[in-house]
Number of protein chains: 2
Amino acid sequence: MTPLTLEQLQQYDQQDLLAHKRAEFTLPEQSIYFDGNSLGAMPSCALQRAKDVLERQWSQDLIQSWNSNQWIDLPFKVGEQIGRLIGAGSGQVICCDSTSVNLFKVLSCALLMQPKRTVVLTQQGNFPTDLYMVQGLTRLLGESRCQLVEVPEQGLEQALTSDVAVLMLTQVDFRSGRLLDIQRLTQIAHEQGVLVIVDLAHSAGALPVELDTWQVDFAVGCGYKYLNGGPGAPAFLYAAKRHHAQIHQPLSGWMGHKAPFSFSPQYVKSDGIEQFLTGTPAVISMSVLDAALQVFSDVSMQQIREKSLGLTRCFHQLVQQQAALAELSLITPLKPEERGSQLAYQHPAAYALCQALIKRGVIADFRAPDILRLGFTPLYLRYVDLWQAVEILSDIVVSKEYLKPEYAIRQKVT
Amino acid sequence: MTPLTLEQLQQYDQQDLLAHKRAEFTLPEQSIYFDGNSLGAMPSCALQRAKDVLERQWSQDLIQSWNSNQWIDLPFKVGEQIGRLIGAGSGQVICCDSTSVNLFKVLSCALLMQPKRTVVLTQQGNFPTDLYMVQGLTRLLGESRCQLVEVPEQGLEQALTSDVAVLMLTQVDFRSGRLLDIQRLTQIAHEQGVLVIVDLAHSAGALPVELDTWQVDFAVGCGYKYLNGGPGAPAFLYAAKRHHAQIHQPLSGWMGHKAPFSFSPQYVKSDGIEQFLTGTPAVISMSVLDAALQVFSDVSMQQIREKSLGLTRCFHQLVQQQAALAELSLITPLKPEERGSQLAYQHPAAYALCQALIKRGVIADFRAPDILRLGFTPLYLRYVDLWQAVEILSDIVVSKEYLKPEYAIRQKVT
């Protein structure tokens, strides 16, 4: 393979149809940011919106803002915007709570829909909070009604037996970056009468998702990663319209009531996707997410995917070109259809490498026990950034800088 | 009784030990705000904090803020601040999620602790979302494990039979403003082996609460009413330390794990109050609440309570002095020990009166079917405001302004 040069990367940037999007973000000047899969960077419009929500909507319009500034419509409005990015037709996505809480809602619905089945089947190594939420439900309902079964990814199909109520999948693995074929798995699950819940934490805003086409039953996902909604931004929940009439989610708070302001003592669920609302939404955080989503208004998920694949391909090629980096072992699949928008390298000193990179302004992250993880966000990452990052990484290894004692001390990691 | 004069009210303001607090809020100039029990006004420091969280912490420090800007400590730190306002010793209050979601957590805990008892007993007319959350739990667990029983307040004591697992009370009624004697009810409940959950939505920040002294088991409450945390601010949850070791809340997300960043597949709950955390906290909204709580740092709840009782007493006296307002019928108890920080008047045209008041800059609210509700927030309401508000209300009645067709149309009410 012809070695990749800085000039070639500069040329990619010049040809990049998404290059102009970077200017819509406020980024730290001296950093290269590979952690948009943990916390997306700040779109400048988000700051403007936050100021308006506090300075005008809250402080001046006060309680009337629920109507005059449409706070009451935010969960639905933000849900609609996210829906467009994940292939969901109108009225099937709502913004609320956290991913974990939303997962509890859809898990409960799915189990209640399948009273004779008890197993929640998932892939081994799924994101811990997904596993924990099932474990919590088991503790509440007992093992006779909810059991978590984890199997290696290649064994999922075989494990879809008649006692499986739900197949719970995360589309892109948070460690390895492996991308599952949700359409295929959904079809197989449905053939066995199994409902499908997909966690889109590492896919929404990163790659094309087609929930309606794939006939997924329920999905949840995160507002603060590739959607750039700000730290701890509210999450989202998708429920296919065909299920809306018969489902009952147990976190039935007043915002999910058909007529919340009638203050009636009996819960009557809303007909639509609003039935998944629980308490009063975090308006400030949700408004920031609402504004942040504007950066997606003039780009397609296909464009984002193409650049994402270009960035990860080039980065790995640059790593391979550096003899010093031979010890970095890629655990992300090389086939484009099998990888998300991140690269994960195993290395015995991954923690120290990550700390040394951060010290030099290359913000990557570490996942225990030995993974250096880099997220690639096509809206604000440039091809030339990859060159610089790999140069720094190589220098850290060659100079043995990462062996400094300050990088060996394991501190609280996020 | 000697009539209350404007001069007398001006004198009260001059003597008011809390008078200086008003300057710490950004308030609309032309309004008198009686809706701090729905959405507290904005402390100016909240805006400064929001700007810092976006401009510096998020946009510049990005993911590292979890440690460098202590985002990870926010739920506990904010919980501690709220704890001081509700008589909770350290390590028993955490800030997270919504009041409804938190109620689900403590309800589940309490039911799991009392496997042979099934009833959740509550006062008739309790805030709907509290009822709805129990109804949701019943739907999930079945009536054999969870049953909601509502009885009139005066019948609570008698209804504490051996099948009652939990007595779920709201300290201050959202409609009438009636204040319950939680200490007494808790003692009686405990004598019957019943656990007590208290909803502090209309009491935290409004009046002295002594959870530890009263030996309440669990409590939940709201960040956006008297705590002034901003629209949809995160809520809080109290769990008495004596229960921490044996309880298991089912919304067991990764932030409640003993070691969240070990990413282990098995949930092991945190030892302390952090076990009630679920997903990633809404950092922007929670930071705003954190800042807003600073306004309580140099005042005591006793001072707040004294002014609150003074404000409600004076307001009602002014209403009584106006012959035109004879049709307003107070449903809030007159005894100080039986009322919270609000007044509620029944009137056949309550909705129109409320709309006409708002039009004239007096922000009150309406609760179906016929209640005009006014919240009194001692940190930013002046005695002279009461005079002006009652003058306007009287004028609206005398002039029959409230009969204008524009006020008769019932629109979406918040």
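Each Cβ is built from the backbone N, Cα and C atoms, and glycine gets one as well.
Those TrEMBL annotations? Automatic predictions, nothing curated.
Annotation comment: TrEMBL describes A:THR99, A:SER100, A:PHE127, A:PRO128, A:THR129, A:ASP130, A:THR170, A:ASP199, A:HIS202, A:TYR224, A:TRP254, A:THR280 as pyridoxal 5'-phosphate binding site. According to TrEMBL, the N6-(pyridoxal phosphate)lysine annotation covers A:LYS225.
The full span of the recorded pyridoxal 5'-phosphate binding residues, A:THR99, A:SER100, A:PHE127, A:PRO128, A:THR129, A:ASP130, A:THR170, A:ASP199, A:HIS202, A:TYR224, A:TRP254, A:THR280, taken as their largest Cα to Cα distance, is 30 Å. Among the binding-site residues A:PHE127, A:THR170, A:HIS202, A:TRP254, the ones whose Cα sits within 10 Å of the Cα of A:LYS225 (N6-(pyridoxal phosphate)lysine) are A:HIS202.
Once Cβ contacts within 10 Å are tallied over all protein chains shown, the binding-site residues A:PHE127, A:TRP254 are led by A:TRP254. A sphere of 10 angstroms centred on the C-beta of A:THR99 (pyridoxal 5'-phosphate binding site) encloses 29 other C-beta atoms. Chain B comes within the C-beta cut-off of under 8 angstroms for the following of the binding-site residues A:THR99, A:THR129, A:HIS202: A:THR99, A:THR129. Sequence-distant contacts of A:THR129 (pyridoxal 5'-phosphate binding site), defined by Cβ-Cβ distance under 8 angstroms and a gap of at least six in the same chain, are A:THR99, A:SER100, A:LEU103. DSSP gives A:THR170 (pyridoxal 5'-phosphate binding site) a strand state.
Less than 8 angstroms from the CB of A:THR170 (pyridoxal 5'-phosphate binding site) sit A:GLN123, A:ASN126, A:PHE127, A:ASP130, A:LEU180, A:VAL198, A:ASP199, A:ALA201, A:HIS202, each of them six or more residues away in the same chain. All chains included, 27 other C-beta atoms sit within 10 angstroms of the C-beta of A:LYS225 (N6-(pyridoxal phosphate)lysine). Using a 10 Å radius centred on the Cβ of A:HIS202 (pyridoxal 5'-phosphate binding site) and all shown protein chains, the other Cβ atoms total 26.
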